């Protein structure tokens, strides 16, 4: 992989367009988690230090393309930036496609890219307009790097210089460290509701990790190979595929589970073995014996890759498995990498973000990189380097 890095370029007084990932949860105009903003700051701060003319763009949520929707406006992030960069002139622009004038050391935050018609379909005219805004394009949104859209991919065809920002490089380096030459033993923890969405990830990780621990609805599909699991969430169509994986690789499934009769916050948990689950019961978390076994595996590991909770952690009585796994990873001296939306929510819930070696900002991009897919944004950077270096 040959791409330019922002750190290798002279960006002083240049117009720098940074595609950040500022897709943060906002309720009633208040940012609920600034994790992605904090991850984006080093690239922005470097550009300011170098006295660049800094233009920042991002998407937020899933608005109807081409239409302004207040709920999805980046204005709350503009307010956040004003406090963060209180000694810097910063502008908010919702009418930027015909150009922006900035002085060195100033910032312009652009309105939601998805308000622009053609963004999602990688429209060439829109991509060209983006490219006209800058001298150098910096792709720093790892969380959107699997999207072939105008602001993440199409712009690379027209801009003279496209490069990777600090966050994108750190994401790639951390994932390569875990996937290419991991310290042994390596354990991968894969939770979530569906095997179908993570089958390729499981297949890939099974060839790399020494042990795979499955949780949530994914684990239920593996349990359904041998047991009747009541009304638990699982995918009947993937039981055969799950069996092929289990028979070939070292995949750990729960030996006991916390079950309940109703999917609700205050439901009482009962611990049962998988051969004793009634028709009106559903699995919602690991049992204590499973937790002990998994803690032992994690404690002995030198590399830990974690994607997804292993139970319904939003319900207090079905949180223990996810909580104990999270805290065990946090207390480990192993190299740990965590990614995926729900995983980040767990990390926030238990306040362990400073105890994980690397927290990926990517959800779909995180999984696709693990699968070995070529991410469109990385492909764009490679093609720009190759074509513009001739």
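Glycine is no exception: its Cβ is also placed from the backbone N, Cα and C atoms.
Swiss-Prot lists 21, 22, 23, 36, 59, 60, 61, 62, 114, 147 with the feature substrate binding site, giving sequence analysis as the kind of evidence. With a cut-off of 8 Å between CB atoms and residues at least 6 apart in sequence, the same chain places 23, 71, 72, 112, 114 near residue 61 (substrate binding site), listed in sequence order.
The Cβ of residue 342 (ATP binding site) lies under 8 Å from the Cβ of 191, 192, 308, 309, each of which sits 6+ residues away along the same chain. DSSP assigns residue 342 (ATP binding site) to a helix in the three-state reduction. The annotation ATP binding site is assigned in Swiss-Prot to 198, 314, 340, 341, 342, 343 on the grounds of sequence analysis.
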Task = Round to a whole number and give the Cα-to-Cα distance in Å for the pair residue 59 (substrate binding site) and residue 198 (ATP binding site).
result = 25
Site extent for substrate, whole Å (max Cα pair distance, 21, 22, 23, 36, 59, 60, 61, 62, 114, 147) = 18
Query = Excluding 21, 22, 23, 36, 59, 60, 61, 62, 114, 147 themselves, which residues in that chain have a Cβ inside 8 Å of the centre of the Cβ atoms defining the substrate site?
reply = 58, 112, 113, 143, 144
Inquiry  = Comparing the binding-site residues 21, 314, which residue's C-beta has the most other C-beta atoms within 10 angstroms in this structure?
reply    = 21
Query = If one measures from the C-alpha of residue 343 (ATP binding site) to the C-alpha of residue 21 (substrate binding site), what distance in angstrom results, rounded to a whole number?
reply = 17
